Amino acid sequence: MLGNYSSATEFFLLGFPGSQEVCRILFATFFLLYAVTVMGNVVIIITVCVDKCLQSPIYFFLGHLCVLEILITSTAVPFMLWGLLLPSTQIMSLTACAAQLYLYLSLGTLELALMGVMAVDRYVAVCNPLRYNIIMNSSTFIWVIIVSWVLGFLSEIWPVYATFQLTFCKSSVLDHFYCDRGQLLKVSCEDTLFREFILFLMAVFIIIGSLIPTIVSYTYIISTNLKIPSASGWRKSFSTCASHFTYVVIGYGSCLFLYVKPKQTQAAEYNRVVSLLVLVVTPFLNPFIFTLRNDKFIQAFGDGMKHCYKLLKN
């Protein structure tokens, strides 16, 4: 029966509704956020790589997290900006749409895994400080990163393949600023109920699976902190986890709102807002969350700026 339908070979993305003036304001806002996101995360990556004081597992993981933030936001934001500037050009081929969705989901899965790894790292640092260098040695965290990258990209092969095995004949218009899976399911002329349920279960498995080590780690961290008699000691212990905990709340919260829902094809406005939180706001906040209250990083960054100034002066 599906043979009578012709599937779309390209999609037109509606992006953001509104007048040309509104689009220009959105373009200026998102371009500024994107530029600050890239520059801020690049600064962290360079500082972590060149400063010997930051050669520890947590900063190694932070550097990888910054790389991921740049890659994740770059999967959709440049195309979104182009669409705001020239709305009539928001056309994407089926192959490009599949590639964008695959990269976005794979990098997102990898980011969740990395957040879980960083939580375990904080657990070891707080609860087993004397064994930290033994447990989190160089070979351990390098293998953890390799496994995370491999699993991140392998885990999303079937979900994306299953999505693009559908026939998209209801419409070639996606009411979003990137190739959102919910919108793709919405324009399919096939019954997607079972497929949506399987995708929902996989999203639950990935998100909750990476959330478990985070919850367990912070349970032990809080338990250990409560045993510290002095308030200053408690604050010092928790300060090592505060930035990561803040990032976890924002990251997992937005992912749960966006993906862990039985019905993937819910309101486009809702998906657009939460997608902006994942693709624009969180990557933008990342450099500030991890560095503003980190005295060690601020010192390293200051030393680096002084060194650059001396080189330029000479």
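Backbone N, Cα and C define each Cβ position, glycine as well.
As recorded in Swiss-Prot, the features of this protein are as follows:
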- C97-C179: disulfide bond (DISULFID)
- N4: N-linked glycosylation site (CARBOHYD)
- 1-24: topological domain 'Extracellular' (TOPO_DOM)
- 46-64: topological domain 'Cytoplasmic' (TOPO_DOM)
- 86-99: topological domain 'Extracellular' (TOPO_DOM)
- 121-140: topological domain 'Cytoplasmic' (TOPO_DOM)
- 162-196: topological domain 'Extracellular' (TOPO_DOM)
- 218-239: topological domain 'Cytoplasmic' (TOPO_DOM)
- 261-271: topological domain 'Extracellular' (TOPO_DOM)
- 293-314: topological domain 'Cytoplasmic' (TOPO_DOM)
- 25-45: transmembrane segment (TRANSMEM)
- 65-85: transmembrane segment (TRANSMEM)
- 100-120: transmembrane segment (TRANSMEM)
- 141-161: transmembrane segment (TRANSMEM)
- 197-217: transmembrane segment (TRANSMEM)
- 240-260: transmembrane segment (TRANSMEM)
- 272-292: transmembrane segment (TRANSMEM)
Those residues of the chain, 6+ apart, with a Cβ under 8 Å from that of C97 (disulfide bond): F11, F164, C179, L184
DSSP-derived helix, strand and coil totals, residue by residue, for the topological domain 'Cytoplasmic' (121-140): 17 helix, 0 strand, 3 coil
The topological domain 'Extracellular' (261-271) [mean pLDDT, rounded to integer]: 61
Which of 25-45, 100-120, 141-161, 197-217 contacts the transmembrane segment (272-292) most, counting Cβ pairs under 8 Å: 25-45
Residues of the topological domain 'Extracellular' (86-99) by DSSP state, where helix covers H, G and I: 9 helix, 3 strand, 2 coil
C-beta crowding around C179 (disulfide bond), within 10 angstroms: 26
